[in-house]
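Written below as structure tokens is the structure these notes are about.
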Amino acid sequence: MSSIIRYDWTAEELHALFDLSLPELLYRAASVHRQHFDPAEIQVSTLLSVKTGGCPEDCSYCPQAQRYDTGVTAQKLMDVDAVVAKARQAKLAGASRFCMGAAWRSPKDRDIPKIASMIREVKALGLETCATLGMLNTCQAQALKDAGLDYYNHNVDTSPDFYDSVIHTRQYQDRLDTLAHVRDVGLKTCCGGIVGMGETRQHRVGLLLTLATLPAHPDSVPVNLLVQVAGTPLHGTQTLDPFEFVRMIAVARITMPRSMVRLSAGRESMSDELQLLCFMAGANSIFYGEKLLTTANPETERDQALFQRLGLRPMHLMENVSNKDQHHGNVHADIACKHVV
């Protein structure tokens, strides 16, 4: 199957891919994947919550929204020294990229200098940096860029026509605007969504269509499987068929051939066999560590054992070729789990 980078995908084309038999879809996705990546290499990332809970938004899936009784206690923004200590520990464990997340609608201008200090201090350790802080304006994005930030994560979450069923406090266009601000200042983008929220296949097609027709494909595409947290409105939602999740990964790989397709939240509930199918479908990135912000993640020992069983190895450094060729020569580096052979 051709791996030409396209930005003109149609909903009809994506539906046709989803409708293929699963073996045929896996074959096509794997063929595209092998044209750009080593199928035995998996990028492994880590994430630290630098400001937990108390978010004013109403995202129906999120345990950090202050309006939901989920047992998450709001905390202040961490001190720079504490973040640097965590980053130093990550580096000793083999990290080459350190991600910082804050439960904000958007950072206040007064918060930017402290975040910038975190970025500079982490960068000084020789680590790549990424952040997910909510909506940004151009000035804030530029300040983070000037501090040395490499990646910015801002998900669109779902399709435009399902979005209002999940979130009411932020518009879909707000998310697209933040992505534009991030791209405009030269930061690399990480953008994906969540499935298993009660959406239909049409909505999953709509999510991927949004991502695959952006002016530049995201450098990383996190695909999250809903983690149902008691107290959130989506707790009790019917679970997604695992094979439908695999189809989501495969179509993401075909439509965005050069992007890192990341298994993100929800991996704790996935069997080793399901994760293998996802890797065969083109997923080539995972989050590594026992916690993703406030939700559980597989223990590092389980991931190490899985890599050994499957003959996989962590991706250390790779040349990241942008889909619009604006990032030639940039290094796309994430955590390396050095104890896995």
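Just so it is clear, glycine is given a Cβ too, placed from its N, Cα and C backbone atoms.
Classification of C59 ([4Fe-4S] cluster binding site) by DSSP places it in coil, neither helical nor stranded. The number of other CB atoms found within 10 A of the CB of C59 ([4Fe-4S] cluster binding site), across every protein chain shown, is 20. Look at Swiss-Prot and you will find C55, C59, C62 tagged as [4Fe-4S] cluster binding site, backed by sequence analysis.
Taking a C-beta cut-off of under 8 Å and a sequence gap of six or more, C130 ([2Fe-2S] cluster binding site) has these contacts in its own chain: R97, F98, C99, M100, L149, D150, Y151, Y152, N153, C190. C130 ([2Fe-2S] cluster binding site) falls within a strand when secondary structure is assigned with DSSP. What Swiss-Prot records for C99, C130, C190, R262 is [2Fe-2S] cluster binding site.
For 40-267, the entry in Swiss-Prot reads domain 'Radical SAM core', with the evidence type sequence analysis.
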One finds that other Cβ atoms within 10 Å of the Cβ of C190 ([2Fe-2S] cluster binding site) number exactly 27
Fewest neighbouring Cβ atoms within 10 Å among the binding-site residues C55, C62, C99 goes to C55
Other than C55, C59, C62, the chain contributes near [4Fe-4S] cluster (Cβ within 8 Å of their centroid) the residues E57, D58, Y61, P63, Q64, A65, A103
R262 ([2Fe-2S] cluster binding site), Cβ-centred 10 Å count of other Cβ atoms over all protein chains shown, is 25
